[in-house]
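Trainee: Okay, here's the structure, questions in a sec.
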């Protein structure tokens, strides 16, 4: 029987030996040879049961709930390979040792800022010989029985754009760990995110349609409110009219997400060279370019969504009929109306959303991440809601101008409305407030959209066989 033990040092007392977990299958004569020990700070002993479960899950190949000797050896070999890769990524100077500056730099690349004192504290916990540097042996010995490395754990728990869908797919794509890519879990995350987005958008579609109506039709002379807007929609087309435009809005999730992810992965290789994870500004550049490529590819669907949301009862028989009529009357160029303000809106939305989310993530990791990088449901929802709200607030004037340009049908002989002329017209006739028409229903849908997409995402993950949070 293979027995792994924890020795928990207590100041002023003898060391106490605690059984960590036992594994059957080791010959009795080898028991003393393969008895392993690991030292942890006494304040961390409360987590040893969680560590036990993680190690068993990581190495249990036959899913019998325990480790035999062969499984344990395989676990050690596989885990040592992963630790070697992480050690090399942290060793910026390639001198075989990690110092405090390299720890700070590696975490800074992920958007996690720590002080030099905090880096030295991390260093001291692993440094056995007092050199204030960590060599490979010290790194391996410290982490060998810890089944989750910090960097992949942060990436795993702090997914953002994959989980949260507020209707504006302009966020920077999430990172995926090496293991998620190798095992194919990344596409399951994307499928779960797409399904969550479909349910979330359908549930909040009435608020989204009201936002579009207020962006296009509300003015000083037509002061459309939330109650008045809903009353007008129901009176004109009944309760079903609240979901006009939702079909195309859901339909565009799959192609947009797939194109954006593939473009992001290709651009990452150009921007980040051979680095596994990108720095924040590199993520912003790569994510914005990927978003621009994805939006350019599916932009005609954005125009169709706006036209379908604004249609009167009986105006179009469906999406294809709407597309045919636009093509016949206005030409191909009509499918790219509002394209320029839409592209310009990517930078402020994606940039501020990413900056706010990373700032909140960094603050939480610094102050509350003691034994795990898992923030829990409410922290994740709060961070996602706040970052999405800030991103939308910054890019909203461009989104409003885009929607008005998409809604404008060409009249023969009439001049084309440009982005700059529309901005000037709104400011002259309605003031700065006019650039924020429809903001109230837009913000009203953020919390339910984020909450619904999270719940559906977590349930779809289980269905698709993705490891639960």
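Cβ coordinates are placed from backbone N, Cα and C, and glycine is handled just like the others.
From Swiss-Prot, for reference:
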REGION    1-165  region 'Regulatory N-terminal domain'
DOMAIN    47-80  domain 'EF-hand 1'
BINDING   60, 62, 64, 66, 71  Ca(2+) binding site
DOMAIN    78-113  domain 'EF-hand 2'
DOMAIN    114-149  domain 'EF-hand 3'
REGION    151-160  region 'Linker region'
REPEAT    184-270  repeat 'Solcar 1'
TRANSMEM  190-207  transmembrane segment
TOPO_DOM  208-244  topological domain 'Mitochondrial matrix'
TRANSMEM  245-264  transmembrane segment
REPEAT    278-363  repeat 'Solcar 2'
TRANSMEM  288-301  transmembrane segment
TOPO_DOM  302-337  topological domain 'Mitochondrial matrix'
TRANSMEM  338-357  transmembrane segment
REPEAT    375-463  repeat 'Solcar 3'
TRANSMEM  381-398  transmembrane segment
TOPO_DOM  399-437  topological domain 'Mitochondrial matrix'
TRANSMEM  438-457  transmembrane segment
Trainee: Near the transmembrane segment (338-357), which residues from the same chain, at least 6 beyond its ends, have a CB less than 8 A from one of its CBs?
Mentor: 160, 168, 170-172, 280, 283-284, 287-288, 291-292, 295-296, 299, 302-303, 383-384, 386-388, 390-392, 394-395, 398-399, 401-406, 419
Trainee: Residues sitting near the topological domain 'Mitochondrial matrix' (399-437): Cβ under 8 Å, six or more positions beyond its termini, same chain?
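Mentor: Those are 168, 212, 214-216, 218-220, 302-303, 306-307, 310, 329-331, 334, 337-338, 340-342, 345, 392, in sequence order.
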Trainee: Within 10 Å of the Cβ of residue 71 (Ca(2+) binding site), how many other Cβ atoms can you find? Include all protein chains, please.
Mentor: 19
